[in-house]
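So that you can see what the record holds, here are the features copied from Swiss-Prot:
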type     : residues                                                                        : note
ACT_SITE : LYS9                                                                            : active site
BINDING  : PRO93, VAL94, SER95, ALA96, GLY97, LEU98, ALA99, GLY100, GLY101, SER102, ALA103 : ATP binding site
ACT_SITE : ASP135                                                                          : active site
Amino acid sequence: MIYETAPAKINLTLDTLFKRDDGYHEIAMIMTTVDLNDRLSFQKRKDKKIVVDIEHNYVPNDHKNLAYRAAQLMMETYDLNEGVTITIDKDIPVSAGLAGGSADAAATMRGINRLFNLDKSLHELSDLGIQIGTDIPFCIYNRTAVCKGRGEKIRFLKKPPSAWVVLAKPNLGISSADVFKALDLDDAHHVDTEMCEKAIVEGDYKQLCESLSNRLEPVSMSMHPEIKKIKNNMLQCGADGALMSGSGPTVYGLAQKESQAKKIYNAVNGCCNEVYLVRLLG
């Protein structure tokens, strides 16, 4: 049996530049990981089936599951003659903007690579993974990075300054497609990705917090005002910086001191069912 860990990601920045001819948006973003993980195990089957074993009411176990699709892609690409059972122990909240599904898919690709002794590089897996999800290339590596294009153009950065992270997911669902559809690409405001990168390179925690930015945030907030309330609550309770991750709805707050982070955690715990106190991994 093979084991893999799938950490959640957060966006430190997210900018949308223009809509491409293929229908996707050209993006530029900086992402990193936190120590909130799904855990996966992989075991060969003789019947060539893909079986996803997951005890979660809101997560499918068929082709709608990204881990299933990742396994299917690996089996078809590398002509595997055995199946696989994938067991997922899930802690990352679903439809949260934390790339939980993409992290599971990336872990599945790494796991099958090891299980079947395919000896494929992470670069090869990343190039393959973009076929089923824009966050999968980043999740293959699980390293702080600038991601451009659809997410497949990756440039690694050093780890960001250490910090506590409070993650809060409000009790609502959000459609990434609806958020991108509502985005005004003629809006002149763009995210300063370079400022955030400079803060990471120089280890400047204060500048990092000041440079957190997500072009999708005001769009999601206009659809769901609860997101803005959570962010404001975090900042009022002492977060050094706060931002919505991805297309939402999860908001995170950064703090250098554990006592500070616990205060933020307690402040938002009453209004959200899913609140986590974790650390930056990078």
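Glycine too: its Cβ is placed from the backbone N, Cα and C atoms.
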Additional residues surrounding ATP, by Cβ distance to the PRO93, VAL94, SER95, ALA96, GLY97, LEU98, ALA99, GLY100, GLY101, SER102, ALA103 centre under 8 Å: ALA8, ILE92, GLY246
Surrounding CB atoms that lie within 10 Å of the CB of LYS9 (active site), all protein chains: 28
Three-class DSSP secondary structure - LYS9 (active site): strand
Binding-site residues: PRO93, GLY97, GLY101 - member with fewest neighbouring CB atoms within 10 Å: PRO93
Residues satisfying Cβ distance under 8 Å from ASP135 (active site), sequence separation of at least 6: LYS9, MET31, ALA99, SER102, ALA103, GLY151
Where PRO93 (ATP binding site) falls in three-state DSSP terms: coil
